[in-house]
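Peer 1: Have a look at this one before I ask anything.
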Amino acid sequence: MPTSLLFLLFLLLQAASAAAATFPLSISPSALDKWESINLAALSSLSRARHLKRPPTLTGKVTLPAYPRSYGGYSVIFSLGTPPQKVSLVLDTGSSLVWTPCTIPTATYTCQNCTFSGVDPTKIPIYARNKSSTVQSLPCRSPKCNWVFGSDLNCSTTKRCPYYGLEYGLGSTTGQLVSDVLGLSKLNRIPDFLFGCSLVSNRQPEGIAGFGRGLASIPAQLGLTKFSYCLVSHRFDDTPQSGDLVLHRGRRHADAAANGVAYAPFTKSPALSPYSEYYYISLSKILVGGKDVPIPPRYLVPSKEGDGGMIVDSGSTFTFMERIIFDPVARELEKHMTKYKRAKEIEDSSGLGPCYNITGQSEVDVPKLTFSFKGGANMDLPLTDYFSLVTDGVVCMTVLTDPDEPGSTTGPAIILGNYQQQNFYIEYDLKKQRFGFKPQQCDRSKN
């Protein structure tokens with residue numbers, strides 16, 4: 001997954017709005033003829049019956065390994081279909097739709113510009129739709145089609161759910177919506193799971209496991225009450241080391257606060273899509289070296305349209321800050337780094353900054369970077385989570401801003417990327433609507 005801003009922007013190929021209830025009782029529009037109305041009622045009844053007869057079988061919790069990838073994301077292995085076909089999907093809390101590279105009888109999967117370091121496009125796991133005996137196409141008036149395209153989707157000219165199109169920063173994908181069995185383990189197979197069967201992608205070497213707040217996400221479809229992950233430290237290579245992704249379903253699970261987990265409340269999500277799918281958290285202030293950084297409060301709290309505020313996004317690599325936040329943070333940092341020479345040439349070539357030449361230094365003094373949340377929880381980042389040795393003798397801050405939009409107030413003002421979440425236990429408590437975190441060694445082989 002690209003390392004730039006990776007928050008999901010739907011490019012709807014048909015006019016659409018956001019939100020539909022799960023498995024609603026259908027009321028056919030008067031414009032439909034009798035047989036189409038009856039067929040639609042039958043379809044809705046059958047979908048409802050399948051759901052009631054075979055509800056998701058996930059109980060308790062399921063633990064899956066999450067692997068760091070060379071392009072900056074973390075992937076999780078799932079299976080789709082009958083018999084099961086393994087697919088590798090990028091863990092993404094900034095989007096909701098699950099999609100995978102796919103082939104159909106009339107088309108094979110094409111990925112353009114998908115040659116990344118450590119990624120062989122010819123070895124990307126691909127779901128073969130025609131090899132599954134349980135796959136189902138989605139009619140345009142299917143409730144699940146509405147999860148993605150909205151309840152006012154115009155179905156007058158088509159009977160099939162239209163093709164979807166998604167953009168992820170520099171990448172994109174398009175394909176068909178289908179439903180099939182999702183496999184989490186041999187004992188946990190979820191029937192009638194909605195996902196995207198992508199036929200064409202650009203700069204997207206793997207599919208996406210959407211863990212956002214939308215109806216099509218994994219948490220929504222599985223009815224999760226909580227999920228958590230622990231991301232191992234990545235060095236932009238593919239490694240067999242992995243951390244844990246844990247899915248919880250059910251009313252009872254231990255309160256992690258007893259184990260030293262700190263919590264910050266989620267902020268109510270904006271109604272406007274796609275911002276409604278993001279996990280906004282209540283940031284109070286940012287500290288550098290223990291000192292409050294002066295930031296206008298309106299940038300720390302999201303508006304009802306979704307502008308401003310902070311979101312958590314496992315699909316972004318480096319944390320992003322709007323220029324009006326980044327600049328004072330960087331200035332405060334520089335006050336503590338005056339004995340090190342700026343490496344401007346590395347800043348220009350890497351896109352990171354500020355960078356410092358530390359050649360010959362036996363140790364480097366760097367001020368602590370802290371996110372302070374509503375309720376008093378403080379997230380003190382380890383040095384390795386916000387500074388990286390990018391070349392011999394040069395370290396750079398791994399927090400980004402957009403130099404081309406110095407005064408932008410559109411969308412989240414801060415996006416907490418996965419690089420800043422390394423070696424933290426990270427929890428999304430969906431029942432209590434809160435974000436939890438705790439420093440923790442995440443490599444499973446060392447636990």
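Don't overthink the numbers, they just go from 1 along the chain as shown.
Note: Cβ is positioned from N, Cα and C throughout, glycine not excepted.
Pulled the feature table from TrEMBL, pasting it below:
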- Asp92: active site (ACT_SITE)
- Asp313: active site (ACT_SITE)
- 74-438: domain 'Peptidase A1' (DOMAIN)
- 1-20: signal peptide (SIGNAL)
Peer 1: What mean pLDDT score does the domain 'Peptidase A1' (74-438) have in the model?
Peer 2: 91
Peer 1: Do me a favour and check the Cα-Cα span between Asp313 (active site) and Asp92 (active site); whole Å is fine.
Peer 2: 7
Peer 1: For the active-site residues listed here (Asp92, Asp313), which one has the lowest count of neighbouring CB atoms within 10 Å of its own CB?
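Peer 2: So among Asp92, Asp313, the active-site residues given, the one with the fewest Cβ atoms within 10 Å is Asp313.
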Peer 1: Under a three-state reduction of DSSP output, how is Asp313 (active site) classified: helix, strand, or coil?
Peer 2: coil
